[in-house]
Amino acid sequence: MMAKIFRAVVLGPPGSGKGTISARIAHSFGLQHLCSGDFLRENIAANTEAGILAKKYIQKNLLVPDNVMTYLVLPKLETMTKKSWVLDGFPRTVAQATALNNICDLDVVISLNVPFETLKERLSDRWIHPASGRVYNMEFNPPQVHGVDDISGEPLVQHDDDKPEVLVARLRHYKDIAKPVVDLYRAKGILHSFSGTETDKIWPYISSLLGTKIPA
Ligand SMILES: Nc1nc2c(ncn2[C@@H]2O[C@H](COP(=O)(O)OP(=O)(O)O)[C@@H](O)[C@H]2O)c(=O)[nH]1
Ligand SMILES: Nc1ncnc2c1ncn2[C@@H]1O[C@H](COP(=O)(O)OP(=O)(O)O)[C@@H](O)[C@H]1O
């Protein structure tokens, strides 16, 4: 049991490794991993009202409106007041960051900076097992059998929004809206930025930072 509740957010463009790094943080430090993309996909799969609405935006390669995102994410966080977590994919806008700030205090915000060309290469090679959210990359962490999830043996799929034709617009749009969010956390004094082209090289720095922040 951790002595103190610890809350971290991981920011970064699509493909920067938020999911991969958040999973490592969760595993290494015993935090729960929460992912906005997973909340959305669960709601889309269950055909909830929010899921049906969100799908229309994701299909058009747009961000889901702030009120839908906060409706999906905040109640979940409010049930976790006694748990430590790492949140990936939320907040993406200043309005989301402000809404999050109204319900909890963050300990650390990690911002990942990965060059544009690297992001493009990674995302066009990202494959997912929809039921579990396990993420593969045909080069970095390929499945044992091509096209098949290691644990369940079920087929892997590619997100529509990872397909090359929509990727560039998605990355460009990210850049415009992310800066004020990063600036906001920098002003609060809780922002830690990490730059690089390889998750395995960035990870030791993140791990040692968190080692100093999370009580054993
Ligand atoms: N080649 C390569 N792929 C990586 C690296 N780190 C993560 N990936 C892959 O890049 C893709 C995007 O990573 P993900 O964690 O989903 O990023 P997110 O969109 O920020 O959550 C996935 O297919 C990962 O397996 C890396 O260092 N090198
Ligand atoms: N916090 C958010 N605000 C608005 N839209 C979001 C948010 N999180 C996810 N989305 C939508 O869901 C899509 C998939 O999200 P996600 O799986 O986190 O992928 P990625 O980080 O690779 O973009 C995004 O492209 C976006 O349309």
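Cβ coordinates are placed from backbone N, Cα and C, and glycine is handled just like the others.
Residues or ranges marked as GTP binding site in TrEMBL: GLY15, SER16, GLY17, LYS18, GLY19, THR20, ARG126, VAL135, TYR136, THR199. Look at GLY15 (GTP binding site): DSSP puts it in coil.
Residues or ranges marked as AMP binding site by TrEMBL: SER36, ARG41, LEU62, LEU63, VAL64, GLY89, PHE90, PRO91, ARG92, GLN96, ARG170. Under the DSSP three-state reduction, ARG92 (AMP binding site) is assigned to coil, being neither helix nor strand. Shown in sequence order, SER36, LEU63, MET69, TYR174, ILE177, ALA178, VAL181 are the residues of the chain, 6+ apart in sequence, with a C-beta less than 8 angstroms from the C-beta of ARG92 (AMP binding site).
According to TrEMBL, the feature domain 'Adenylate kinase active site lid' maps to 126-161. Shown for the domain 'Adenylate kinase active site lid' (126-161): DSSP residue counts in helix, strand and coil, namely 2 helix, 13 strand, 21 coil.
Annotation source TrEMBL lists region 'NMPbind' at 35-64. Residues 19, 22, 71-73, 76, 87-90, 92-93, 130, 133, 160-161, 166, 169-170, 173, 177 of the same chain sit 6 or more residues outside the region 'NMPbind' (35-64) yet have a Cβ under 8 Å from a Cβ within it.
Among the features that TrEMBL reports, region 'LID' is placed at 125-162. Within the same chain, residues 14-15, 19-20, 35, 38, 41, 45, 58-59, 61, 170, 199 sit at least 6 positions outside the region 'LID' (125-162) and bring their C-beta atoms closer than 8 Å to a C-beta of that stretch.
Once Cβ contacts within 10 Å are tallied over all protein chains shown, the binding-site residues LEU62, VAL64 are led by VAL64.
Secondary structure of the region 'NMPbind' (35-64) per DSSP (helix as H, G, I; strand as E, B; remaining residues coil): 21 helix, 1 strand, 8 coil. When the binding-site residues SER36, PHE90, ARG92, ARG170 are checked against ligand 1, none has a Cβ within less than 6 Å of one of its atoms. In this structure, of the binding-site residues GLY15, GLY17, GLY19, the smallest number of CB atoms within 10 A of the CB marks GLY19.
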